[in-house]
């Protein structure tokens, strides 16, 4: 009996020494208190928040401590990066850029003619869009590898959205073009605004999985649209969904297909796919798939000119206007109903164009180990589209196929875009009449071979392996584009991305922690099955900031953990739960709703005679806990630096009661 009393007294001494260790360090190991951050000036705090949100890359760093003349030069270089890298430009670099520029020009000319048809515009408008925009980008862009021009997905998107406003692009060609230029102008305004206000993070709301699905669906849709030219069908549906397209194809099978067109299309597509295969098998032969489209155009045009199979129903381009871009400033709508239509279409096209261009730019920048300024890119892309809209261009952006060829051709700087632009200029001035007998079948074959690579099966499989919810987003966007329309697919992609974000914010993860044997480390018991729970103590970690959107859920989830644990304890006959430790290391912030939820949790635990203890709240969180008097409510001695410290303070009391 006396030994039990003696033991109890020892434990009482342990409790007193642990609870007041900061006052008597000689009696027990020192337990460091959770530090309060120094009070910050409100203006300085606001300034720091704004800087971190919008200027995380510190774009004005190079301007510090520089004379006014130097700042002016640095300002010009920030707007026109060519002034910076142009000083070290050499003939060796020009040689690489010349070869790359000529190579991508041979690829872009036939592609541009086909992509213009996707946008329901005359062929020359595709070429116009590879003349002016690349010149502007070469002076303002920060990517060394990106190749500028029309792309398949944006062309299809623009064509679909414009056609939803103007049903017949042929009968109302002038109005349709005006709306296209208006949409391009406001696409540029959107891009410049996002870049200037440093809102580039907005495009990150479209998740990678959603983009993979959207691009894959768009590729299938684009390929299906080419069946009109590939099979020689004259009457074809204006809808883009797979059901309508296949119905249109098979409905015209008996009388609408042209066998000469089919033979030509299949032959040319086989040639292009074989050229791609050669390029993949041997990287040194990258130029084979690059010049494949141009060779196929030359051969098929020459064949039609000699045989005159166009008289047997083979559809040909017929006419491409000669000469460089005419001005279109007076064709942009600045008032009326079409203004709002142009703004709406322009914003959608701008976001997709930006997403594709930034993704391409970052990919190649990582390969060559240089930094790409996303906000500068947006300003450059936006400026080129604004100028483009005034020079008869439609929305241009970075092309993945051309950029890949540009990269493999050994481009050194954006001068490759200037070389490409010069070649397009010469084509517009002198060569366009030669495209008169170019069959539509070859353009369809070129587009099909170009978009096949957009269906990324490996990426989709990887998404499935990593995150099933991401895979749902991917498939939702894919099937939305294929079975409904491009805009519905895009809407599904954005909606699922936002839903996932909201789900993660409103339903954050929580975990029960246990002690890893022979350590003072506490980890998730599901991740580490060998981790053991502390008798009488429930340790819960919250893996998110606590805001109004999730505070009630977190409180209820902790209480559910507690109820489940109490049931297990009652069944096993272990000591009842007397302490609930909330590990707050991952909690980066908390708002008034979050503090209110903690107060409710504290009161609920009091009724159960369970003590609430907090472990390792961060500087923002501890500051707000003190400001709201919550720290005083639960007691400052109930807030510990680590879970181990908190457990050490609780365990002796449990031992006393067990004795």
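Residue numbering: from 1, along the chain as shown.
Cβ coordinates are placed from backbone N, Cα and C, and glycine is handled just like the others.
The domain 'STAS' annotation in TrEMBL covers 527-650. Per-class residue totals from DSSP over the domain 'STAS' (527-650), listed helix then strand then coil: 63 helix, 21 strand, 40 coil.
Look at TrEMBL and you will find 136-158 (among others) tagged as transmembrane segment.
Counting only same-chain residues 6+ beyond the ends of the transmembrane segment (179-199), those with a CB under 8 A from a CB of the stretch are 54-55, 119, 121, 125, 158, 161-162, 165-166, 328, 331-333, 338-339, 341-343, 345-347, 349-351, 353-354, 374-390, 392-395. Sequence annotations record features per position, and here TrEMBL assigns transmembrane segment to 179-199 (among others).
Sequence annotations record features per position, and here TrEMBL assigns transmembrane segment to 205-224 (among others).
The transmembrane segment annotation in TrEMBL covers 259-278 (among others).
If you look up TrEMBL, you'll see 285-306 (among others) marked as transmembrane segment.
Below 8 angstroms of C-beta separation, residues 142-146, 151, 153-154, 157-158, 161-162, 165, 179, 182-191, 194, 200, 203, 206, 211, 372, 374, 377-378, 381-382, 385, 395-400, 403, 407, 487, 490 of the same chain, each at least six residues beyond the ends of the transmembrane segment (345-366), sit close to that stretch. The transmembrane segment annotation in TrEMBL covers 345-366 (among others).
The annotation transmembrane segment is assigned in TrEMBL to 378-397 (among others).
Note on the transmembrane segment (417-435): residues 97-98, 100-102, 104-105, 108-109, 112-113, 123-124, 127-128, 130-132, 134-135, 137-138, 141, 147-149, 297, 301, 317, 320-325 of its chain, located 6 or more positions outside it, place their CB under 8 angstroms from a CB of the stretch. The feature transmembrane segment is assigned by TrEMBL to 417-435 (among others).
Annotated transmembrane segment per TrEMBL: 442-464 (among others), in sequence order.
With a threshold of 8 Å between CB atoms, the same-chain residues lying at least 6 positions outside the transmembrane segment (476-499) that come near it are 156-157, 160-161, 164, 205-207, 210-211, 213-214, 216-218, 220-221, 239-243, 348, 352. Annotated transmembrane segment per TrEMBL: 476-499 (among others), in sequence order.
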The transmembrane segment (259-278) versus listed stretches 136-158, 205-224, 285-306, 378-397: most Cβ pairs under 8 Å: 285-306
Residues from the same chain, set at least six apart from the ends of the transmembrane segment (136-158), whose C-beta lies under 8 A from its own: 79-82, 104, 108, 111-112, 115-116, 118-119, 126, 129-130, 180, 183, 215, 218-219, 221-222, 225, 240, 345, 348-349, 352-353, 356-357, 360-361, 364-365, 367-368, 370, 372-373, 376-377, 379-381, 383-384, 387-388, 394-400, 402-403, 405-407, 411-418, 420-421, 447, 450-451, 454, 486-487, 490
